[in-house]
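Read the structure below first, then the notes.
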Amino acid sequence: MSLITDIIAREVLDSRGNPTLEAEVITELGGFGRGMVPSGASTGEHEAVELRDGDKSRFGGKGTTKAVANVNDAIAKALVGKFDVTDQRAIDQAMIELDGTENKGNLGANAILAVSIAAARAAADELGVPLFSYLGGANSYVLPTPMMNVINGGAHSANKVDFQEFMIMPVGAPTVKEAIRYGSETFHALKKLLEADGKATSVGDEGGFAPDFADNEEPLKYLIRAIEAAGYKPGKDIAIAVDVASSELYDAETKTYKLRWSTGEEFTTPEFIKYLEDLADRYPIISIEDPIDENEWEDWAAITAELGKKVQLVGDDFFVTNTQYLEKGINMGAANSILIKVNQIGTLTETFEAIEMAKEAGYTAIVSHRSGETEDTTISDLVVATNAGQIKTGSLSRTDRIAKYNQLIRIEELLDTTAKYKGIHSFYNLSAAAREVIENK
């Protein structure tokens, strides 16, 4: 048993230059752990509360000194000298009870999560094992298939593209290291194509390119060209995923979806489902995130009934990593996958519970970054610890994104011959026939 002897928090900056929170946990046997918290650009309305100061004279109101004070005062008093650092569940539960709200609005999910991560890292450090081994044990061996966001739109950029993310997934690679190479080569091939056509190659929050396009289909055409230019076969070697972030397009009063940044077209829900189905039929799209507004549960069930056998339908804003929402979705047959963002729920314990529930229901779980990231690589260890099988952590540029990929390479090397990269088979929520169709598009 090794008690927590000190907890320290400070305000630092994320990848967008906005303040965020970092916490450190120290144990009586010298264990040390540090956790940094990301933040999102488009956030679900049901996410746990990210506590900000609201003082407009400082960081435009985005300061985190209140959350820092909560760690250094209330949380430290509750945990220091009272908890064994290896008792992650008890530590997380104590902070949840101390907060006393359903959405962590008192202490702030950012304050609680930073300590949750730091405690896990301190325990791993004290035991002398990698974080993924500490969190997952001896059965942690699956390296994830990456979702690489190479074209940004929507809230993640200033262009005229409605969909928030256009991603490539190296489903045919033999290892995660090779998958990262596939992605890097395709990313650079895409850059050359954009430059040749006179399009901008500046990047958005997540490291992807953010040029203007005529509509939401043009980026898909560029992805196909880039995959082929890099020497790979679309579908078989590299599939495509999109994040529609449809809550940004939805008008709850008229119950329509409007392509507000591109053509201005409006769709009823059945029309919008048909629009997405048409794109999935014509391109090797294997995954669609948030295709329906986060509050329209019946419509989620409808699109799942229509497309759920052949395309991964991911709930991000829809589920917000919350087991209550996930359980409701499972019972309704809504979605077939959940995006896992640790700061949406606020502790590692609750994150593990969401991943476990998803797997038991046959849903995939995709461990994800946020648009405002840090150099913290916890999600790389988390995805291997849980054998989740898929990770979404940005493009092949910006150190805050590359840090996660580099950590996966290190983990694969540590696991050596026991490591397994499942590629297309990480989509266990799709039928074998559906996977074959995507590979042959």
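Note: Cβ is positioned from N, Cα and C throughout, glycine not excepted.
Some features that Swiss-Prot has for this protein:
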type	residues	note
ACT_SITE	E206	active site, proton donor
ACT_SITE	K341	active site, proton acceptor
BINDING	Q164, K341, R370, S371, K392	(2R)-2-phosphoglycerate binding site
BINDING	D243, E289, D316	Mg(2+) binding site
For a quick check of packing: other C-beta atoms within 10 Å of the C-beta of R370 ((2R)-2-phosphoglycerate binding site), how many? 26
Count the Cβ atoms, other than its own, that fall within 10 Å of the Cβ of Q164 ((2R)-2-phosphoglycerate binding site), considering every protein chain shown. 28
Cα of the residue listed as 'active site, proton acceptor' to Cα of Q164 ((2R)-2-phosphoglycerate binding site), in Å and rounded, measures 17
When distances run from the Cα of S371 ((2R)-2-phosphoglycerate binding site) to each of the recorded positions E206, D243, E289, D316, the nearest one: E206
By a 10 Å Cβ neighbour count, the lowest-scoring of the recorded positions K341, K392 is K341
Cα distance (Å, whole number) from E206 (active site, proton donor) to R370 ((2R)-2-phosphoglycerate binding site): 8
Among the recorded positions listed here (E206, D243, E289, D316), which has the Cα closest to the Cα of Q164 ((2R)-2-phosphoglycerate binding site)? D243
What's the number of neighbouring CB atoms sitting within 10 A of the CB on D243 (Mg(2+) binding site)? 27
How big is the Cα-to-Cα gap, in Å, between D316 (Mg(2+) binding site) and K392 ((2R)-2-phosphoglycerate binding site)? 12
Determine, for the Mg(2+) site, the additional residues of the same chain whose CB lies within 8 Å of the mean position of the CB atoms of D243, E289, D316; present them in sequence order. Q164, E165, V244, A245, I288, D290, V314, D317, L339
Cβ-Cβ distance under 8 Å to E289 (Mg(2+) binding site), same chain, at least six residues away: E165, A241, V242, D243, V244, A245, V314, D316, L339
